[in-house]
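Student: Reproduced below are the annotations present in TrEMBL:
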REGION    60-105  region 'Disordered'
COMPBIAS  178-205  compositional bias 'Low complexity'
REGION    178-209  region 'Disordered'
DOMAIN    641-964  domain 'PDEase'
BINDING   717, 718, 719, 720, 721, 758, 868, 921  AMP binding site
BINDING   721, 757, 758, 868  Zn(2+) 1 binding site
BINDING   758  Zn(2+) 2 binding site
């Protein structure tokens with residue numbers, strides 16, 4: 001059932017000196033009958049030998065009736081009148097003048113050195129020279145040499161440059177043949193084609209980076225061997241998918257089979273070893289080995305399997321793309337076949353690979369290890385076979401070679417075994433060298449891809465969101481997975497932000513315009529990501545549900561199922577873990593490979609550098625914004641003078657009873673500004689803060705004056721409001737005796753916080769700052785104004801002449817500042833809504849313990865809110881007046897929003913909706929005020945007057961709302977900081 005052998009003509013020597021290649025039709029007709037593996041010596045080309053691997057002849061040569069050819073110039077010779085001469089293009093930029101119909105002929109000849117392909121099969125043809133548009137473009141390029149040179153420098157591939165070098169270094173007729181066989185358009189054609197696509201003389205500045213998959217870097221993919229140009233420079237050419245490197249560079253003459261048959265065994269092995277020693281392409285090398293083995297053993301079919309996978313790996317196997325090779329097959333024919341994988345230790349091939357033992361089986365069907373299904377699929381019957389391991393220089397099995405069925409029908413002999421073994425020893429070395437070379441090629445390409453990705457990453461460093469988005473897009477494209485998640489960590493290794501990208505996101509309507517990733521969309525498998533964030537180890541899980549570290553609850557309630565997971569830490573240049581990158585579900589239900597791990601590890605380094613640089617950029621922008629804010633503040637405010645402080649110190653301070661500081665119904669309307677300052681001095685004195693912290697009275701007076709001075713003259717959030725908040729804190733601490741519970745450091749921090757909690761308020765809220773993109777909003781992303789108030793209080797506390805805490809120890813100062821910051825931030829209603837559920841739960845359970853810092857922290861936060869909104873508890877006359885002040889400030893902000901931001905303000909900011917004020921006040925009381933005062937009254941009955949005041953005022957506002965808004969519109973305002 002073997003294939004009949006083709007007649008093998010004798011090798012020929014063709015003299016091409018002083019002849020035009022296009023006029024040698026008879027010669028070409030003769031060459032078409034020569035086997036692909038035979039040699040042709042071209043005299044007149046510096047005595048170089050050229051290996052003709054593919055010579056494609058006329059299709060009519062074997063009986064299609066359209067001019068069959070023979071060597072004597074018969075009917076198919078057509079050398080006298082059939083077609084015009086077709087001069088092949090010389091090197092450089094000369095135009096191709098081949099007639100158009102010659103390219104389209106069915107019987108066209110492709111005379112290709114080192115891997116030709118017939119026209120139209122995988123090769124891109126140059127534009128037709130008869131096209132007027134083509135002529136105009138080329139003329140335009142001739143008139144604009146600067147553009148042509150610029151375009152060539154940026155766009156030309158290394159392959160084009162090498163083709164140019166070859167064409168200008170070889171003799172003219174050889175250059176013509178090479179240019180024809182390569183089918184590559186000269187640089188001018190590339191430039192012309194590019195110029196035809198654009199309308200501008202400028203060649204453009206950017207070119208999108210080509211997308212590439214990590215699959216291309218798996219073993220055996222993408223790599224072509226290195227060659228040397230005429231000038232001796234090593235280069236990586238970029239041949240077409242069907243081409244191999246130029247055999248002209250090898251200068252190895254391969255003897256024909258009749259010549260090989262005349263050699264003795266030693267000379268034969270030497271010649272066949274010489275044939276493979278310079279071959280670095282692993283596929284071509286293995287194909288040569290098999291063809292040479294068939295010569296040595298006179299076998300009809302051969303196969304070669306290479307070991308894939310690490311030792312002791314469960315996935316180790318033997319892989320072949322060169323299975324069932326016959327002596328007259330080509331590499332291209334084998335390339336079209338599917339890859340065959342044989343598990344390690346399975347069958348005859350697996351047995352030889354695992355044991356390293358040779359097998360000579362005279363009758364395959366009598367051996368239990370033989371797989372009969374192979375013959376059934378191929379239709380080829382295996383009789384005898386000889387199977388032998390290929391050993392490298394380290395005595396490791398790197399492959400298995402197998403020959404089948406001697407041509408004379410006999411079995412393989414002991415002599416066949418010896419010659420087979422001798423030749424495979426050299427083959428093992430050659431295969432190992434080719435594999436090492438292939439890995440070096442992979443590293444070159446891998447580095448190029450990473451450099452391209454690094455360039456993309458470092459082009460955008462303005463924000464974390466944009467940086468992460470670009471990282472995720474290219475990571476998903478490179479590693480071919482369904483989901484990518486990047487989880488950034490804080491100092492405690494908990495996840496502060498989680499970005500995610502799904503493959504479907506790239507097809508969304510906003511995919512082209514989107515500049516930031518989605519956040520917190522998908523559940524997180526904390527067991528895996530948390531482990532990587534804490535240990536830094538890489539986790540590759542082929543089956544998530546088979547791994548105990550994966551929490552299967554993650555998938556519950558979703559339409560998604562985790563299969564394969566690859567998780568790795570992202571580090572900065574100092575090795576600190578910045579976050580975790582997690583890839584989920586590789587395409588085609590595959591597991592992530594070691595190659596994926598290596599790629600992700602290298603890529604994570606660039607990610608870490610990019611994130612670190614972005615952090616540094618944001619810090620620099622923050623510093624600039626802080627500087628702008630500081631300059632703005634300093635331009636408006638100044639520290640109080642010492643003279644004013646001396647005047648205040650000389651004043652007599654009335655007792656608390658005279659000032660009514662212990663009264664929940666206190667109001668400041670009867671006091672002037674100096675009276676409020678004296679009242680503050682009284683509060684510090686009665687709480688014994690001056691004595692406890694050894695505060696100099698002059699320093700305290702100057703500090704109070706500086707705080708008052710740093711409040712802007714806005715309608716409501718001014719010094720008077722701060723003073724009233726401090727008075728309410730004073731009465732709560734004294735009435736409830738909480739000053740004993742909290743201690744002196746927390747008490748002084750709370751009083752300072754109340755006086756400073758709205759420092760430098762601009763009469764606008766946090767959302768306005770964000771919408772207006774103010775420097776404050778750039779400086780603080782959350783609790784914008786509250787952070788600014790705290791920074792201002794620290795600035796004053798650290799200003800010379802205002803350091804009221806200068807006598808504290810460093811521990812005391814740190815503790816007071818920490819409580820101060822927490823208290824000021826607590827006045828942000830967003831923080832209040834976040835914290836109050838825990839406090840309410842604590843109160844309802846009755847399990848609070850004020851000895852615990854966590855419980856005291858919640859109490860301080862709720863008390864700060866109660867003091868900040870305490871105007872709602874005052875007598876009706878006071879409450880109504882304060883409510884009007886608040887509303888007017890809101891309306892002023894609404895006016896600014898209309899005028900400058902060109903937006904319609906919400907109802908409580910809209911002056912046109914002021915008739916809804918009573919209804920909005922009722923809503924404000926119900927949603928914010930009542931809950932906090934009810935719970936505080938539950939903790940201490942001494943605070944019941946506050947709750948009673950709220951309820952009384954609610955009844956008044958509800959009555960007004962019923963009068964002014966019969967439809968009971970509940971679009972009510974919210975108190976804001």
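Cβ atoms here come from the backbone N, Cα and C positions, even for glycine.
TrEMBL does not curate its annotations; it predicts them automatically.
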Student: Work out how many Å separate residue 718 (AMP binding site) and residue 757 (Zn(2+) 1 binding site) at their Cα atoms, rounded off.
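Tutor: Cα-Cα, rounded: 10 Å.
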Student: Tell me the Cα distance separating residue 757 (Zn(2+) 1 binding site) from residue 717 (AMP binding site), rounded to the nearest angstrom.
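Tutor: Cα to Cα, residue 717 (AMP binding site) and residue 757 (Zn(2+) 1 binding site) are separated by 10 Å.
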Student: Within 10 Å of its Cβ, which one of these binding-site residues (717, 720, 721, 757) has the largest number of other Cβ atoms?
Tutor: 757
Student: Within 10 Å of residue 757 (Zn(2+) 1 binding site) by C-alpha distance: pick out those among the binding-site residues 720, 868, 921, and say none if nothing qualifies.
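Tutor: For residue 757 (Zn(2+) 1 binding site), the binding-site residues whose Cα atoms are within 10 Å come to 868.
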Student: For the AMP binding site, please report the maximum Cα-Cα distance among 717, 718, 719, 720, 721, 758, 868, 921 in Å.
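Tutor: Farthest-apart Cα atoms in 717, 718, 719, 720, 721, 758, 868, 921 are separated by 23 Å.
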Student: Just counting, how many other CB atoms are there within 10 A of the CB of residue 718 (AMP binding site)?
Tutor: 18
Student: Quick one: mean pLDDT on the domain 'PDEase' (641-964)?
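Tutor: In the predicted model, the domain 'PDEase' (641-964) has a mean pLDDT of 94.
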